[in-house]
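First up is the structure itself, then whatever we jot down about it.
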Amino acid sequence: SYSAGIMLLDILVTLIVGTVIYYYFLSRKKEETLPFKEGWWGKGQKPDTEEDATIRPFKVETTEEELSDLFRRLDQARFTEPLENSCFQYGINSVYLRKVVSYWKNQFNWKKQVEVLNKYPHFKTKIQGIDIHFVHVKPPRLPEGQSAKPLLMVHGWPGSFFEFYKIIPLLTDPASHGLSNEHVFEVICPSIPGYGFSEAPHKKDFNSVSAASVFYELMLRLGFSEFYAQGGDWGWLICTNLAQIAPNNMKGLHLNLASVSRIGFSHVLSVLLGRYLPGLFGFQDEDVKRMYPFLEKGVYRILRESGYAHIQATKPDTVGCGLNDSPVGLAGYILEKFSTWTDPEFCNLEDGGLEKKFTLDDLLTNIMIYWVSGCIVSSVRFYKENLQKGIGTQKHDKLTVQVPTGIASFPNEIMHTPQAWARKKFPNMVSFHYMPRGGHFAALEEPELLAEDILQFVGKVEKQQLWKKK
């Protein structure tokens, strides 16, 4: 038994040494960048002529015909009875949806909201064969001797560039809003191709790397060889891919969602034991609080909240046809996300808690951007393009991000990513903050909290000139 013990010890030591060697030498890949994706997404054959790189002013406008068509559809809506006391547990509650539609028809002033949308300058420019829409806001004033720092902000689904309307003034004119004006930004908010007023790709395979490549061209076309980028939802992935494509152009990456697409053995082990040995896996108390019990807060919550993604990643056009034909269906589909993703407990409220954090005007403006542009089908296709080859299988999934990174981790985000996991993907982590409140639509729901976090992050990067040390 003594020799058996020695043998076991030998095996154990060999295993440990082998693992260490593997991790340190074999699995530590050399730093690579992601290749820029030169696509052409226009209709038909790519023309031989040079692309028109003009940047053209754009205004949001709708015709009377479009509005009368909308009101006719709202008048003819066919509602169904919800189950008694079901609140939002089965999805949108149609008793509340009726109230929204009544407000939409009788009180909501779209013309006024169009003025709100047009208060910032809009532009369009053709990139890789499609028209790209973006809002570009410069600071109203700059402190002596200071220049504005370009900041690209990217939305996700079912949001739009409008999500950033409350945070833009806090970043372009921080002093007027009680924030430090040590750093002032000029903000560029594009619509993802296929969303809002950006043209939809006409070809298959337009994924997050394609979008990142298009936005890289956009920033260069605007004259920015160095810039910051910020995103949540799909904006998280697009900005992350952009950091992988152009690490020398991006000074810093700020995210309010950081998801892990490649789950390894260490992740599984940390989930199983992290509750009991948090220190061993680098978990903070807050990680434990947000992740456990894991079946409830991890597995069941993802299953409950990801049905839409399965449909959109497999048969986007089928669900899209119905939503594109019915404004009430579209509103129900989108509002349900704004309820549950803001706070999972909101599903137990009759109105889905929608007006606790948002106004109906803001919610309906976002829905109207989807309706008037007719973009719901092309927006949900983005799920298929990104997920059809499997999760964690793409080149970008396997690459780390070398750009200085800041993460604002909001407590009601659909899935919590502990700092220890995020660090594996973003080894150059400058700040990771557990935010005191807020959910998935951070820029719209908690603009001050998000703005403060962006400002402190950029402050650290600038002070230490971190981008020069990459």
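Including glycine, each Cβ sits where the backbone N, Cα and C put it.
Now, the feature entries from TrEMBL:
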TRANSMEM  6-26  transmembrane segment
DOMAIN    55-164  domain 'Epoxide hydrolase N-terminal'
ACT_SITE  Asp233  active site, nucleophile
ACT_SITE  Tyr383  active site, proton donor
ACT_SITE  His440  active site, proton acceptor
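Rounded to the nearest whole angstrom, the C-alpha distance between His440 (active site, proton acceptor) and the residue listed as 'active site, nucleophile' is 8. Secondary structure by DSSP for the domain 'Epoxide hydrolase N-terminal' (55-164): 37 helix, 25 strand, 48 coil. Calculated from their C-alpha atoms, the gap between Tyr383 (active site, proton donor) and Asp233 (active site, nucleophile) amounts to 12 Å.
Of all Cβ atoms in the shown protein chains, 24 besides its own fall within 10 Å of the Cβ of Asp233 (active site, nucleophile). Within 10 Å of the C-beta of the residue listed as 'active site, proton donor' there are 19 other C-beta atoms, taking all protein chains into account.
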